[in-house]
Amino acid sequence: MVASAFLPELWTEILVPVCAVVGIAFSLFQWFIVSRVRVSSDQGASSSSSGGSKNGYGDYLIEEEEGVNDQSVVAKCAEIQTAISEGPVMISATSFLFTEYRYVGVFMVIFAAIIFVFLGSVEGFSTENKPCTYDETKTCKPALATAAFSTIAFVLGAVTSVLSGFLGMKIATYANARTTLEARKGVGKAFIVAFRSGAVMGFLLAASGLLVLYVTINVFKIYYGDDWEGLFEAITGYGLGGSSMALFGRVGGGIYTKAADVGADLVGKIERNIPEDDPRNPAVIADNVGDNVGDIAGMGSDLFGSYAEASCAALVVASISSFGINHDFTAMCYPLLISSMGILVCLITTLFATDFFEIKAVKEIEPALKNQLIISTVIMTVGIAIVSYVGLPSSFTIFNFGTQKVVQNWQLFLCVCVGLWAGLIIGFVTEYYTSNAYRTGAATNVIFGLALGYKSVIIPIFAIAVSIFVSFSFAAMYGVAVAALGMLSTIATGLAIDAYGPISDNAGGIAEMAGMSHRIRERTDALDAAGNTTAAIGKGFAIGSAALVSLALFGAFVSRAGVHTVDVLTPKVIIGLLVGAMLPYWFSAMTMKSVGSAALKMVEEVRRQFNTIPGLMEGTAKPDYATCVKISTDASIKEMIPPGCLVMLTPLIVGFFFGVETLSGVLAGSLVSGVQIAISASNTGGAWDNAKKYIEAGVSEHAKSLGPKGSEPHKAAVIGDTIGDPLKDTSGPSLNILIKLMAVESLVFAPFFATHGGILFKYL
């Protein structure tokens with residue numbers, strides 16, 4: 001008889017939702033503090049007595065160090081913020097997301113119907129109970145029930161993913177002008193506002209994802225009762241819904257933001273020699289809107305999908321291990337307990353940046369963000385030890401491809417820790433290859449940038465490989481799944497750091513458009529430069545966790561589909577490997593081409609306006625922002641559909657026509673090549689971007705020798721940045737969704753493929 005977990009079931013049922021609620025409450029508290037920074041020209045609304053407040057709220061928003069009492073600048077910031085967030089129809093981030101979600105909503109309904117029909121047909125839509133897959137002496141709920149509950153879980157995951165992205169965007173647009181205004185009083189105050197705003201998104205997403213998953217499990221349990229195998233098989237739909245929405249958010253948002261960014265830079269900086277985010281540039285509003293719909297809404301949905309899939313992969317394997325067989329609810333909820341502990345750890349970590357220490361100089365920004373990663377990882381290691389001790393039996397068994405492997409609780413602790421620390425390593429390697437501080441050359445040219453991106457793959461791949469070997473050796477595929485959860489356990493801090501970047505970027509844009517002084521723009525540029533590095537770190541975490549979670553989902557798929565071995569020497573598997581390895585290249589080609597064609601239209605429109613609108617360059621006439629926004633919107637909506645269809649239809653076509661063995665090869669091939677391309681693309685683009693900012697900042701003597709803005713080296717750096725934009729913000733980040741989405745989709749449809757798949761080989 002296997003022992004039960006030390007923590008009673010009742011305490012588990014209390015702790016998980018309480019931690020989620022604490023996370024939501026903390027995010028609302030951070031939002032409340034940010035909201036006290038007033039975007040208003042009303043002098044009486046601010047309290048001059050709080051001028052020394054470290055957090056910056058309630059301060060008198062005047063450029064004190066320059067003695068400028070210009071309330072019109074504050075009003076201008078408020079006006080620009082409203083245009084970016086709400087704005088007129090078809091100009092704001094909100095209107096774009098609503099347009100995107102209408103199309104995505106149609107897809108969600110169609111795909112939900114496909115899930116129900118395909119899974120329901122496994123047993124001819126029978127309503128009778130069936131023998132369980134892994135224990136035929138017991139009876140499980142009918143396939144029709146799994147079809148219905150998988151469909152419900154899919155819709156819940158999709159809606160939660162959409163809300164995660166939308167709320168993240170609303171928070172970012174709420175904070176950008178406030179960050180700009182705080183920059184008037186010092187870089188430290190601006191940093192705190194941007195970071196607190198990022199924390200709102202991070203904690204809201206992590207806590208709401210955990211809460212919705214926990215509630216869904218408990219509601220489904222009312223019907224399934226002791227049939228935990230069927231229950232957690234249905235729960236996999238939650239991960240599929242989350243990632244499918246993330247794919248469209250990432251691709252659509254990425255095309256939108258990069259079309260605007262490339263168009264604005266090529267004409268504005270290179271041809272017209274005007275500053276970045278200059279209000280004379282017709283594409284500037286589209287560029288700032290794009291930062292929010294791509295970098296914020298897209299990243300929010302992406303990391304939510306990773307979290308949902310990692311949890312689902314672990315729960316599926318646990319349900320057919322001793323946890324599920326013995327109905328040990330506390331041990332079964334081990335993945336949720338890790339996430340609950342992560343929320344508490346990230347809460348403590350956030351206080352180090354916002355309350356315990358104060359940023360006083362530009363050089364302190366990047367170390368403060370790096371310390372967030374280190375502190376959260378160290379404290380989380382202790383947290384995992386506590387959860388593993390109280391939430392797991394001392395000894396238990398884990399399903400391992402047809403056998404039950406005996407595992408100790410300390411081994412599972414090491415599995416989670418190896419994923420956690422691998423995430424930190426990947427983050428620091430990314431930081432090294434993209435940060436200004438470690439640049440040895442000048443404006444990174446195209447050749448050097450590509451070489452740097454390829455080189456940056458080496459250490460992260462070794463880190464992922466070690467994580468896989470250690471975790472699989474200790475606890476089979478369940479160990480790999482919880483290693484992915486370990487990497488994502490500090491998701492609240494990771495998202496806070498990641499969201500900080502686009503908020504700072506928008507703050508700089510607003511400062512430029514509002515006509516603030518050069519000193520203010522220097523501060524926002526410093527915040528933005530650190531934000532670019534941290535955004536790359538966030539992408540590294542997303543890619544690393546995607547590799548682990550897709551492997552765990554692959555293992556669950558192979559087990560569920562009844563594949564005992566995946567033999568690469570058989571023709572069925574080898575053709576799948578080749579096709580799977582090709583898919584990331586096909587997908588990247590589609591997204592890069594989409595950005596290129598949309599950017600070309602943007603360039604032509606920006607040139608047309610500069611050539612035909614009298615007084616535009618002189619600043620006496622206003623550009624037509626709406627036309628540029630429409631170009632980005634139309635392109636992103638139209639162009640996100642083909643890459644989305646490629647990813648979503650591939651598992652269905654391969655599984656149905658060629659069978660589960662070929663599909664296994666496709667999943668393995670896409671994982672192996674997709675991870676490498678994603679890391680190199682993200683880091684290459686990040687390095688080119690910061691090379692441009694290295695010259696523009698002009699901090700070092702070497703940078704000054706290459707400048708100023710508009711010089712030939714600066715123009716070369718802008719071109720490099722332009723090439724890198726779609727790599728780091730469209731193709732690279734979308735690839736990690738490709739590899740995990742195909743894996744979770746294959747897992748959801750595994751019963752259908754096992755029963756009806758491979759029709760071509762059946763008749764050959």
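Including glycine, each Cβ sits where the backbone N, Cα and C put it.
What TrEMBL lists as transmembrane segment is 14-34 (among others).
Under the heading transmembrane segment, TrEMBL lists 103-122 (among others).
Residues annotated as transmembrane segment in TrEMBL: 142-169 (among others).
For 190-217 (among others), the entry in TrEMBL reads transmembrane segment.
Beyond its flanks by at least six residues, the transmembrane segment (329-352) meets 4-5, 7-9, 11-13, 15-16, 19-20, 22-23, 26, 30, 195, 199, 202-203, 206-207, 210, 213-214, 228, 307, 310-311, 314-315, 318-319, 322-323, 371-372, 375-376, 379-380, 383-384, 386-388, 391-393, 396, 412, 416, 481-482, 485-486, 488-493, 496 of its own chain at Cβ-Cβ distances under 8 Å. Sequence annotations record features per position, and here TrEMBL assigns transmembrane segment to 329-352 (among others).
If you look up TrEMBL, you'll see 373-390 (among others) marked as transmembrane segment. Same-chain neighbours of the transmembrane segment (373-390): 5-7, 334, 337-338, 341-342, 344-346, 348-349, 352, 409-410, 412-413, 416-417, 420-421, 423-424, 427-428, 486, 489-490, 493-494, 497, 537, counting only residues six or more beyond its ends whose CB sits under 8 Å from a CB of the stretch.
Positions annotated as transmembrane segment by TrEMBL: 410-434 (among others).
The transmembrane segment annotation in TrEMBL covers 446-470 (among others). Same-chain neighbours of the transmembrane segment (446-470): 414-415, 418-419, 422, 425-426, 429-430, 433, 479-480, 483, 487, 540, 543-544, 547-548, 551, 675-676, 679-681, 683-685, 687-688, 691, 719-720, 723-724, 727, counting only residues six or more beyond its ends whose CB sits under 8 Å from a CB of the stretch.
Nonlocal intrachain contacts for the transmembrane segment (476-497), taken as residues 6+ away from its ends with a CB within less than 8 angstroms of a stretch CB, comprise 23, 195, 198-199, 201-203, 205-207, 299-300, 303, 306-307, 310-311, 313-314, 317-318, 321, 334-335, 338-339, 341-343, 345-347, 349-350, 369, 372-373, 376-377, 380, 384, 398-401, 405, 407, 411-412, 415-420, 422-423, 467-468, 470, 534, 537-538, 541, 544-545, 548-549, 551-552, 555-556, 559. As annotated by TrEMBL, transmembrane segment applies to 476-497 (among others).
Feature annotation from TrEMBL assigns transmembrane segment to 541-563 (among others). Here the transmembrane segment (541-563) has Cβ contacts under 8 Å with residues 133, 233, 236, 239, 299, 302-303, 306, 309-310, 312-314, 316-317, 320, 399, 401-402, 419, 422-423, 426-427, 460, 463-464, 467-468, 471, 476-478, 480-481, 483-484, 487-488, 494, 660-661, 664, 667-668, 671, 675, 678-679, 682, 732-733, 735-737, 739-740, 742-744, 746-747, 750-751, 753-754 of the same chain, all six or more residues outside its ends.
Remote same-chain partners of the transmembrane segment (569-587), defined as residues 6 or more beyond its termini with a Cβ less than 8 Å from a stretch Cβ, comprise 643, 646-647, 650, 654, 658-659, 661-674, 677-678, 731, 734-735, 738-739, 742, 761. Summarising the annotation, TrEMBL assigns transmembrane segment to 569-587 (among others).
The transmembrane segment annotation in TrEMBL covers 737-761 (among others).
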Contact call for the transmembrane segment (103-122) against the transmembrane segment (190-217), three or more Cβ pairs under 8 Å: no
Leading contact stretch, 14-34, 142-169, 737-761 vs the transmembrane segment (190-217) - CB distance under 8 Å: 14-34
